[in-house]
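S.K.: Have a look at the structure that comes next, please.
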Amino acid sequence: MKRHRLHMLVCGGTGCHSQDSEKLIKALDILVKKNGYEDEVKIVNTGCFGFCEKGPIIKVHPDNIFYVDVKPSHAKKIFEEHIVKGRKVEELLYEEPNFHQKVEHQRDMSFYKKQHRIALRNCGLIDPENIEEYIALDGYLALGKVLSKMTPMEVIEIVKKSELRGRGGGGFPTGYKWELTYKNNNDVKYIICNADEGDPGAFMDRSILEGDPHSVLEAMSIAGYAIGAQKGFIYIRAEYPLAIHRLNVAINQAREYGLLGSNLFDSNFSFDIELKYGAGAFVCGEETALINSIEGGRGEPNAKPPFPAESGLWNRPTCVNNVETFANIPSIILRGADWFKEVGTEKSKGTKVFALAGKVNNVGLVEVPMGTKLRDIVYEIGGGIKDGHKLKAIQTGGPSGGCIPEFLLDIPIDYDSLTSIGSMMGSGGMIVLDENDCMVNISKFYLEFTEEESCGKCTPCRIGNKRLHEILIKISDGNGTEEDLERLVTLGQMVKENSLCGLGQSSPNPILSTLKYFHDEYVQHVKEKICPAGVCKMGKSEKELKVRIEN
Amino acid sequence: MLDPLKLQPQNDLEKELPKEKYDELEEYINQLPETEGTLIQVLHKAQEIFGYLPRDVQLFIARKLGVSGAKVYGVVSFYNYFDDRPRGEYLINVCTGTACFVKGSSNIMEILSDELGVKSGETTADGKFTLNGVRCIGACGLAPVIVVGDKVYGRVKPEEITGILGKYRREEH
Amino acid sequence: MKSLEELKEIREKAQKKIDLRKLGDKDDIKIMVGMGTCGIAAGARGTMESLLEEINKNSIENAYVVQVGCMGQCHCEPLVQVNYPNKEPVLYGNVTSEKASEIIKQHILEGKVVEALVIEGSVHKN
């Protein structure tokens, strides 16, 4: 077997893909083959590196050079300089925004320094369409270990002991969820992977599925063995064509290698996985709604109990976990609960992946230990605020979360600390806002979203969110009153307390948190009819606004 | 709520919905091992074949799967992904995710709407463009983003829009 | 998949194909080959291929070969430099394909500098 001297990993995640990374790969491939270098140099299409701001990304091994903003037109130069002559292409190296210094190595970039990768361990390192590369990095070893040496209850015990909590937002302990489903006797049970990533501004799950699909398949098989299921479903958004493609390839390869199918590792455990496509409904991220959707109906939630663990898909015991939760499982099985617990805070162990976006220099996907300070994420990993502006707030948890003001940036983030300040971990969306963002307008944006996405089954959510949205429109049009602010609070509380599912129970959070931390801004809107950020039109025409700004 | 009259396109049905397409859909349904719980899957396929889900196709699916037309319409109207109106030649998706929103996607949407003379969800009179808002496509590093057909345009500036549309109007993309 | 052993067998094989990606981040031995125009003209490609072959043959896992540009000592191309972590680099000159395998055998496998090939005036011969 010929050993290559050089591997060029080109990011093929959605961000880079939409910036022509595929053309870049093709161009490099053609040059390498035409010049007879294919035995020496390997061009690999990998998953997301996370550094979407500067995509497309190329990482060169073993010299560890990291190129950013690479266009297909750069292929020739990279080939002639780096591949043929071994000289790095200076112009494509990353420059730190704060020091104006070129950085060659990934490990020296502040974007990566504070990160700790467990769920994203293989993203950007392996070719996701090649099962052997996953196996090379201990892939399916955890499944092998579980099936040859452990009882289902032993598996559940490890997961319980690791204190892993659901990464989809709720934070329910995963091990307990498994145990509940395990204890409900039934000859047919199901495992479901929730890949219906609906938070607008979050792309963690998609990146894992695109970059390391086998880690999810392996974890689903492990969960299947633990709870006694023979069949798994991945419920994925139809809007994620690349992730769907990679999953299909991965499932077929796993079947070929006998890692899905009957009698895995010569045990009496058989397991298979099927994809189910979502069709664009945010509420389907709620597990009972998701189950209704898999059954082919409208994705409306049911009242709980009964919980899916008792009666879920086709009325059978069902366990629903999120993509990122699954991606943590193989490492926990292989390295143990204690290893996993070394990282994190008292009540939130391990790491969390965030999609960092908005007015920040380094937009991208970051995985940090629980307990990391928001300030470190924004200023060290994120490289600070764009164009020298001032940070105003950080929105976490998407439509279910809230806005965190500057003075709270030093709290260590975990499930409980975020809830205590009126926001939420959510699935991991993290949007940075600066002084040009109006808090009323941000709330209005989220309420427009929830109003549209409310399934309409229960009244508080269907009508309450509509009314909340209307009040916000009134305020931003310059017609709000001080009573409207009170109304927002009482109605918001009412919607939270009386809605059927998580969507309505959390949808007023964006309003309530901004009202709490940016109360003055609301008051200025209703009393002085001024939008300090200059975003809300306050009933004025474009022309009048222009005059005001110019003066 | 949709106007029921809009369910029936004004276009020539024979031409829009030829028998071959129905045959393809029928074949797909027939090869399914069981029909229970497959409604969404079948609708995805039907939309792939026909490009949209007109009333006749919805009723055809209802008969084939043995469910009521109301159930099929209930599902079609519930999910954003399903469309019961024909789309234009080019679908323009404006990302309205949070990252794009804070970088001015609503402004981009307004300009597109003015340029094309249609609102979000509508198709231009010449059948060339359909304008649509879409929830996060995940290219937040490129915000604001619009997608025309398969092509992604990132960091779109308001003044670039006329130029982008022009390429498609002249078929030069 | 029938057993853990079978999986491990596939893993061993697959690891060889991608172990390159784990190198360079930690303390590995870096072998640099000068591949400027003069180096290539003097046969540096052959040198490099022979280095790679030898590494492969001996299943060496803590060393990797990197192409670099002109190293300046054009009079004794092809040039090969061996960097051990935390040690002074050693620069070899006139490294033909045969001599390249010598370097791997003596310097990398046994840890002994091949004195005869070290360039006069470089750190090791002054």
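Placement of Cβ uses the backbone N, Cα and C atoms for every residue, glycine included.
For B:CYS95, B:CYS100, B:CYS136, B:CYS140, the entry in TrEMBL reads [2Fe-2S] cluster binding site.
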S.K.: Can you tell me how many other Cβ atoms are located within 10 Å of the Cβ belonging to B:CYS136 ([2Fe-2S] cluster binding site)?
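M.R.: Looking across every protein chain shown, the total is 29.
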S.K.: For B:CYS100 ([2Fe-2S] cluster binding site), what is the secondary structure by DSSP, using just helix, strand and coil?
M.R.: helix
S.K.: Cβ-Cβ under 8 Å from B:CYS140 ([2Fe-2S] cluster binding site), same chain, 6 or more residues apart: which ones?
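M.R.: Same-chain residues close to B:CYS140 ([2Fe-2S] cluster binding site) (Cβ under 8 Å, separated by 6 or more) are B:GLY97, B:ALA99, B:CYS100.
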S.K.: Under 8 Å between C-beta atoms and at least six apart in sequence, can you list the same-chain neighbours of B:CYS95 ([2Fe-2S] cluster binding site), or say none if there are none?
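M.R.: Result: B:SER105, B:VAL134, B:ARG135, B:CYS136, B:ILE137, B:ALA139, B:ALA143, B:PRO144, B:VAL145, B:ILE146, B:VAL147.
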S.K.: Within 10 angstroms of the C-beta of B:CYS100 ([2Fe-2S] cluster binding site), what count of other C-beta atoms is obtained when all protein chains are considered?
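M.R.: For B:CYS100 ([2Fe-2S] cluster binding site), the 10 Å Cβ neighbour count is 32.
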S.K.: Per DSSP, to which secondary structure element type does B:CYS95 ([2Fe-2S] cluster binding site) belong, with helix, strand and coil as the options?
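M.R.: It is in a strand.
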